[in-house]
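According to Swiss-Prot, the features are:
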- 9-187: domain 'Guanylate kinase-like' (DOMAIN)
- 16, 17, 18, 19, 20, 21, 22, 23: ATP binding site (BINDING)
């Protein structure tokens, strides 16, 4: 386990295809490093059975989400798989001002938007070992239709092609090794 201290007040952007294991990695990371702050996104999608409102996401209606966009309350937002996702601006700004290291897990389009506002943020891309393994993981979740899985896999190919845009790429083929690589990326001094 890496024990170095991250740079105060920094933003870490984590992106990767749906089903790549971002959530699992972040849960493990937070257990090891409770000092890290996790940005909570807003979404219009319904909660999954294990998700907690206000902890995993702020679950809002499409109308509420559009009002947040109109009021400039979102740092970034995107539509993905038929639902809206976005990052409420004010909590993120407050956490960074308090010197916290904030982890922001978002989709590719959102990561590109954040780079415009926070060019100094560290951008990390989580890759699957292969598309076949990604498909296996998506099917194992048992929550998507065949059509949704096909859509997510097609989107994954586009996202994977963008991985070189990111400061660090981590192939999530072994949880512990991936977690160590993620810790190294977060806690190492910026180049």
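From the backbone N, Cα and C atoms, a Cβ is placed for every residue, glycine too.
Features recorded in Swiss-Prot, as mapped to the structure shown.
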residue: 16; record: ATP binding site; Cβ within 10 Å: 27
residue: 17; record: ATP binding site; Cβ within 10 Å: 26
residue: 18; record: ATP binding site; Cβ within 10 Å: 21
residue: 19; record: ATP binding site; Cβ within 10 Å: 22
residue: 20; record: ATP binding site; Cβ within 10 Å: 26
residue: 21; record: ATP binding site; Cβ within 10 Å: 20
residue: 22; record: ATP binding site; Cβ within 10 Å: 19
residue: 23; record: ATP binding site; Cβ within 10 Å: 14
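Residue 22 (ATP binding site) falls within a helical segment according to DSSP. Model confidence over the domain 'Guanylate kinase-like' (9-187) stands at 93, taken as the mean pLDDT rounded to a whole number. In sequence order, 126, 128, 134, 137, 172 are the same-chain residues whose CB sits within 8 A of the CB centroid of 16, 17, 18, 19, 20, 21, 22, 23, the residues recorded for ATP being left out.
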